[in-house]
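Colleague: Here it is: the structure, laid out below.
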Amino acid sequence: MNAISSTSAVQTVHVPLGERAYDILIGPGLIARAGTEIASRLKGRKAAIITDENVAPLYLDALVASLDAAGIVSAEVVLPAGEKTKSFEHLITVCDKVLEARVERNDCVIALGGGVIGDLSGFAAGIVRRGVRFVQVPTSLLSQVDSSVGGKTGINSPRHGKNLIGVFHQPDLVLADTDVLNTLSEREFRAGYAEVAKYGLIDKPDFFTWLEANWRSVFTGGSARIEAIAASCQAKADVVVADERENGQRALLNLGHTFGHALEAATAYDSRRLVHGEGVSIGMVLAHEFSARMNLASPDDARRVERHLREVGLPTRMSEIAGELPPAEVLMEAIAQDKKVKSGKLTFILTRGIGQSFVADDVPASEVLSFLREKHP
């Protein structure tokens, strides 16, 4: 396990990937320090900041000022907020703006925003000039603990599903400023918390038990919040280092995502109905229930997972999604397009208990369809 180091209120998680190793800094005040941190690590002195119309009024000026003070000249691109921004149209816009800004390989693209902005910006950084440097400044809990770490980037296919078009492009630095989480809505913070809980459910049962006892302190802020984010980043870093390209165990990070992504596709990525973390929450409960159905785990584990997620205010049932859902057969079509499908065989992340997740190959489609029909509202 890679050690978490701490300087004052800031914790550092190091991701040792050889020449592509990088640090994740977690703590307050990091946007104000961004220029100094970037200048000390990267040679280039130009940057293209990619952000959205929700985040820009809150943090763009502070980031630009920090870069300017460090001698880094920046150009800014402000995009619409929301999952639908992860499209070819906006990817082309970002690539054009990065090229217009004369960003070269030693310069950087900076993603200032949540998972959508990070995924889109990272994809652009990975393909412009065949790869420029990339810095993540995640502004949501979900992006701080998940999408900003590990190098997965991409956009959605409007016809086939979520995150199906993209590249692996590791960041050079992640600055997780915990102060920005104070401006999130309760719904956004809860959605991000689903990914925090996921790490305990994958292979850290003690962390899940700690969350059951301390989740209120994580929501309130302070040291418990920083500790939870650092532990989550460390958990993801460990998996990424062991399996960077998702050839095996990295797929564990998709616990709850096979069902969750299908539900997101079924709602046409309409955030008024369902956001990613809510889909993951429902998906994790479904994964534990399906595991129990397949006699792999105790039904008590599924009930425990649902109890905790419901306690923090997350949805745990498909019936809680606003509006009508398509029939189970349509959900199965989305599942069949999942990135983990190999040679046409369904692959799920299932569990033998809390913190005992595993990659299950060749899951019978008939069993999944029957299960979805049973759970469909």
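Cβ coordinates come from backbone N, Cα and C, glycine included.
Predicted, not measured: the structure shown is a model, and the values here were computed from it.
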Colleague: According to Swiss-Prot, Gly115, Val116, Ile117, Gly118, Asp119, Thr139, Ser140, Lys152 bind NAD(+); identify which of Lys97, Lys162 is listed for that same site.
Modeller: Lys162
Colleague: Given that Swiss-Prot annotates Glu195, His276 as Zn(2+)-binding, name the residue from His257, His288 that shares the site.
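Modeller: For Zn(2+), Swiss-Prot names Glu195, His276; of His257, His288, the listed one is His257.
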Colleague: So if I measure Cβ to Cβ from Lys162 (NAD(+) binding site) and keep only same-chain residues at least 6 apart in sequence, which ones fall under 8 Å?
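Modeller: Correct list: Asn156, His261, Glu264, Ala265, Tyr269.
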Colleague: Excluding Glu195, His257, His276, please set out which residues of the same chain place their CB within 8 Å of the center of the CB atoms of the Zn(2+) site, keeping sequence order.
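Modeller: Other same-chain residues near the Zn(2+) site: Leu142, Asp146, Ala194, Lys198, Gly256, Gly260, Gly277, Gly279, Val280, Gly283.
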Colleague: Please give me the CB contact count at 10 A for Ile117 (NAD(+) binding site), counting all chains in the structure.
Modeller: 33
Colleague: Test of understanding: give the count of other CB atoms lying within 10 angstroms of the CB of Glu195 (Zn(2+) binding site).
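Modeller: Within a 10 Å radius of the Cβ of Glu195 (Zn(2+) binding site) lie 27 other Cβ atoms.
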Colleague: For His257 (Zn(2+) binding site), which residues in the same chain are close in space, meaning a Cβ under 8 Å from its Cβ, but six or more apart along the sequence?
Modeller: Gly279, Val280, Gly283, Ile349
Colleague: Consider the binding-site residues Gly115, Ile117, Asp119, Ser140 and say which one has the Cα lying nearest the Cα of His276 (Zn(2+) binding site).
Modeller: Gly115
Colleague: Let's check the environment of Ser140 (NAD(+) binding site): how many other CB atoms sit within 10 Å of its CB?
Modeller: 28
